[in-house]
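Now, the feature entries from TrEMBL:
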| type | residues | note |
| --- | --- | --- |
| REGION | B:1-22 | region 'Disordered' |
| COMPBIAS | B:1-12 | compositional bias 'Basic and acidic residues' |
| TRANSMEM | B:39-58 | transmembrane segment |
| TRANSMEM | B:70-91 | transmembrane segment |
| TRANSMEM | B:97-114 | transmembrane segment |
| TRANSMEM | B:121-144 | transmembrane segment |
| TRANSMEM | B:150-168 | transmembrane segment |
| TRANSMEM | B:189-213 | transmembrane segment |
| TRANSMEM | B:244-266 | transmembrane segment |
| TRANSMEM | B:278-311 | transmembrane segment |
| TRANSMEM | B:323-340 | transmembrane segment |
Amino acid sequence: MSALLARLVANRLFWPIVMLLVLFTINLVAFPGFFAVTLRDGHLFGSLIDILRNGAPTLIIAVGMTLVIATRGIDLSVGAVAAISGAVACSIILGSPEPANPATVAVAVTVALLISLVLGMWNGFLVAVLGIQPIIATLILMTAGRGVAMLITEGQILTVNSPPFKALGSGFWFGVPIAVIIAAVVFGVAALVTRRTALGMFIESVGINPEASRQAGVRARGLLFVVYTFSAFCAAIAGLILTANTAAADANNTGLFIELDAILAVVIGGTSLAGGRYSLVGTLVGALVIQTLVTTVYTVGIPPIATMVFKAAVVTIVCLLQSPTTNEALSGFRRRLALRAGKGVAAS
Amino acid sequence: MTKLLDAPERPVRTGGPAGPTPRVSVARRIRNLLTSPKYGPVTVTAVLFVVIFIVGGVRYRGFFSGQVFLNLLVDNSYLIVLAVGMTFVILTGGIDLSVGAVVALSGMIAASLLQTGWSPAVVIPLILVLTSVLGLLVGLMIHIFKVQPFIATLAAMFLARGLCYVISQSSISITDETFVQLAVTRIPLGGNLSITPSVIIAVVVVAIAVWVLHATRFGRTVYAIGGGEQSGLLMGLPVARTKVLVYVISGFCSGLAGVLFTFYTLSGYPLTAIGTELDAIAAVVIGGTLLTGGYGFVLGSVLGVLVLGVIQTIITFEGTLSSWWTKIFIGALLLVFIILQKVLTARRR
């Protein structure tokens with residue numbers, strides 16, 4: 001029994017899931033109908049659906065971020081890339097004669113995604129070819145990217161009136177929010193491609209020891225390129241969803257702080273910033289924890305302005321629980337407990 | 001090479017015996033200066049600053065004046081103080097993302113307490129103590145619990161920004177006599193030149209930081225940790241204490257910068273100084289401090305702030321350029337300096 005518990009606690013998903021359950025319980029107490037999901041007008045409605053829908057952009061970015069962090073990197077530019085992709089899509093839709101035509105929207109989305117690939121390759125080039133520290137390499141695009149986004153929108157908030165584009169953010173497909181479907185597809189593809197092929201293992205090996213993996217024949221350079229490009233691609237998808245949700249591209253505020261939320265989701269999910277082993281499921285749990293936290297603040301009736309204080313508290317608690325110091329203290333405590341239990345058995 | 005040596009026919013002023021061929025030695029000395037990871041980037045920054053300033057002077061009327069230069073200090077005194085704190089942290093190989101939020105928080109604390117009638121003589125020390133304690137907590141979290149600096153200071157950033165909103169959601173203006181006096185006072189330097197009290201505070205902070213880094217044991221230890229934490233430990237240096245203290249210094253500097261910022265704006269607003277942490281990091285990097293730690297100067301960071309400031313001034317003078325070009329320029333400049341650092345350190349290895 002205690003061995004099982006010990007194994008459970010040692011699992012790196014243990015604390016994040018406990019956190020999620022605690023948050024769910026708080027919500028349930030404050031609002032008994034929390035878990036209810038109803039079908040209204042052919043759409044699914046309910047708090048859980050809201051959490052999934054609002055958390056979709058963070059989750060999508062966090063998936064890309066997980067792979068970047070697994071290579072011992074970090075991508076600070078995702079918020080700026082999200083802003084750029086939203087700005088590009090909106091300016092194309094605004095510039096076209098028929099903004100409501102699905103073909104226009106398709107072109108806008110495709111161009112935005114292609115541009116994000118270029119931005120991702122730029123990050124990949126700085127990190128993989130020039131060998132610049134990832135945090136700084138992506139800081140460049142984070143700083144300059146918002147300027148570029150403002151250049152595209154000419155410093156204005158572009159409002160578009162295009163139902164097919166708006167559907168990306170707030171539409172439903174078979175009753176399920178389209179944003180959630182997109183997030184599920186991104187998550188599924190990332191999980192399949194990295195876990196059903198050797199790609200995930202290569203990524204981890206580069207993160208654990210770049211030099212050793214190079215000598216073992218893993219092409220770190222190409223891998224880093226792919227990972228940063230994928231991260232920017234995810235950021236662009238999230239940017240499109242965010243922009244579509246409000247039907248407006250705001251170069252200053254689209255995706256502001258989303259890089260931090262995404263990094264938090266990854267860290268809460270138990271992937272170490274030092275690279276190596278990563279867990280996409282952990283990231284999913286982490287993203288849910290963050291979004292549930294925001295929802296909790298609303299349902300419990302705490303002023304939403306205090307959200308950031310709670311976020312700080314959760315980050316601190318999870319980090320302290322996962323820290324090696326705490327783990328050592330805990331395992332020391334368990335060993336003493338086990339020793340005492342063993343003595344008790346021997347005595348009787 | 002030979003061309004370069006033959007061209008200038010001016011007297012070489014080198015102190016002391018400079019060897020049989022003094023001209024070679026000067027050229028080599030310049031090359032050594034530029035290619036050293038310690039002095040190279042900061043020299044390039046200094047040259048760049050002078051060049052930008054001259055270009056501005058040639059292009060715009062009224063640019064080439066002492067007051068334009070002094071205004072760089074007046075407008076950026078808070079950023080200079082921030083960059084000083086950030087330099088300490090980055091020298092140890094860490095990073096502090098919380099500084100912008102702490103600036104906003106100290107502004108909010110100042111504005112709200114002054115509004116309820118507290119004396120500035122109590123409020124300002126209180127802010128400095130609070131922000132130092134926040135830095136201490138971050139440092140302990142990093143040292144004892146081995147949380148990465150990035151995440152620990154991120155948590156501090158959320159906390160500080162969240163507390164700003166808790167204090168007030170809207171802007172609080174400051175009408176306190178002392179603060180207003182400090183905001184409007186100009187200290188004449190003769191010849192139509194003047195500075196603000198904030199500049200003096202910033203200069204004093206820089207002077208103290210230079211002294212601490214270059215003349216105290218603590219300063220040596222900061223460099224040693226950046227050079228190699230393990231080696232520092234083996235040498236018996238107080239690594240733990242220094243690592244924590246560095247974040248306390250950064251917290252203190254952020255608090256002080258926040259106070260200077262309120263002298264400048266005379267209000268507290270929860271959304272101020274968003275992204276200031278990036279400006280501070282950019283200034284430190286442009287000023288030639290290596291992000292991996294170990295190399296760098298406080299004066300370099302001051303130069304970095306001045307370069308950022310002069311770019312902003314040029315964009316203001318240009319008039320037709322929109323403000324977002326600032327961000328693009330800063331990004332481009334960061335890129336240049338990071339590649340430069342990379343090339344310099346790679347050549348040395």
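In case you wondered, yes, glycine gets a Cβ from its N, Cα and C as well.
Beyond its flanks by at least six residues, the transmembrane segment (B:278-311) meets 37-42, 44-46, 48-49, 52-53, 56, 72-73, 75-76, 79-80, 82-87, 90-95, 99-100, 206, 209-210, 213, 223, 225-228, 326, 329-330, 333-334, 337-338, 341, 345 of its own chain at Cβ-Cβ distances under 8 Å. Taking every recorded stretch in B:70-91, B:97-114, B:150-168, B:323-340 and counting its Cβ pairs under 8 Å to the transmembrane segment (B:39-58), the highest total belongs to B:323-340.
The stretch in closest packing with the transmembrane segment (B:121-144), judged by the count of Cβ pairs under 8 Å and taken from B:150-168, B:244-266, B:323-340, is B:244-266. Across B:70-91, B:97-114, B:189-213, B:323-340, the stretch most heavily in contact with the transmembrane segment (B:150-168), judged by Cβ pairs under 8 Å, is B:97-114. Touching of the transmembrane segment (B:70-91) and the transmembrane segment (B:323-340) is ruled out by the presence of fewer than three CB pairs under 8 A, sequence neighbours closer than 6 excluded.
With a threshold of 8 Å between CB atoms, the same-chain residues lying at least 6 positions outside the transmembrane segment (B:189-213) that come near it are 66-67, 70, 73-74, 77-78, 80-81, 84, 87-88, 91, 182-183, 219, 222-223, 253, 256, 260, 263-264, 297-299, 302. Below 8 angstroms of C-beta separation, residues 75, 77-79, 81-82, 84-86, 88-89, 91-92, 94, 96, 98-99, 102-107, 110-111, 124, 127-128, 130-136, 138-140, 142-143, 153, 173-174, 179-180, 182-183, 196-198, 201-202, 205, 218, 222, 272-273 of the same chain, each at least six residues beyond the ends of the transmembrane segment (B:244-266), sit close to that stretch.
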